[in-house]
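Here's what Swiss-Prot has on this protein:
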- Arg23: active site, proton donor (ACT_SITE)
- Asn87, Asp103, Asp107: Mg(2+) 1 binding site (BINDING)
- Asp105, Asp107, Asp120, Glu123: Mg(2+) 2 binding site (BINDING)
Amino acid sequence: MKLPKEGDFITIQSYKHDGSLHRTWRDTMVLKTTENALIGVNDHTLVTESDGRRWVTREPAIVYFHKKYWFNIIAMIRDNGVSYYCNLASPYMMDTEALKYIDYDLDVKVFADGEKRLLDVDEYGIHKKEMQYSADMDFILKENVKILVDWINHEKGPFSKAYITIWYKRYLELKNR
């Protein structure tokens with residue numbers, strides 16, 4: 001499959017472990033693709049929930065997906081600074097329809113002031129039982145929480161101010177073509 005290129009628009013589909021569609025983002029602009037990663041941006045992007053509800057993202061957000069890490073990162077660019085929403089999720093795969101991944105409930109939120117919170121621990125516990133996450137899966141996800149927190153603490157990749165500046169600037173250049 002041919003990788004999307006800079007300026008292309010793609011759909012992103014989030015699934016649950018049982019295979020059910022969880023959420024869809026329409027028209028994410030691709031900023032960069034490599035063999036293992038995709039960087040994009042959502043800006044007033046239509047989101048459709050599994051129950052059919054629809055909403056539109058409020059602010060520009062740089063999105064980061066990787067084929068080797070069990071998380072993806074959304075950097076929301078707001079007036080008071082950048083805040084992050086990080087999904088513990090399978091590495092992504094891409095087909096002709098969309099970029100796809102499995103959402104594993106746990107999320108890490110990083111506020112603009114640097115405060116970090118692990119979210120949806122109860123939901124993870126419920127789904128772990130209902131959808132029968134294996135012990136290996138549980139271990140992988142918990143290890144990836146540690147990796148993610150390390151990235152946050154060391155301002156690695158998407159958590160670097162320079163990264164956000166570079167990719168947001170590139171988005172504005174592409175948007176205004």
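Cβ coordinates come from backbone N, Cα and C, glycine included.
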Of Asp103, Asp105, Asp107, Asp120, Glu123 (the binding-site residues), the residue whose Cβ has the fewest other Cβ atoms within 10 Å: Glu123
Residues that sit under 8 angstroms from the residue listed as 'active site, proton donor' by C-beta distance, when 6+ apart in the chain: Gln13, Ser14, Val47, Thr48, Glu49, Ser50, Asp103
Chain-mates of Asp105, Asp107, Asp120, Glu123 with C-beta within 8 Å of site centroid, Mg(2+) 2: Leu88, Tyr104, Leu106, Leu119, Val121, Asp122, Tyr124, His127
Secondary-structure category, per DSSP, in which Asp120 (Mg(2+) 2 binding site) falls: coil
Protein Cβ atoms within 10 Å of Asn87 (Mg(2+) 1 binding site), excluding its own: 23
Additional residues surrounding Mg(2+) 1, by Cβ distance to the Asn87, Asp103, Asp107 centre under 8 Å: Ser14, Phe71, Asn72, Tyr85, Cys86, Leu88, Ala89, Tyr104, Asp105, Leu106, Asp120
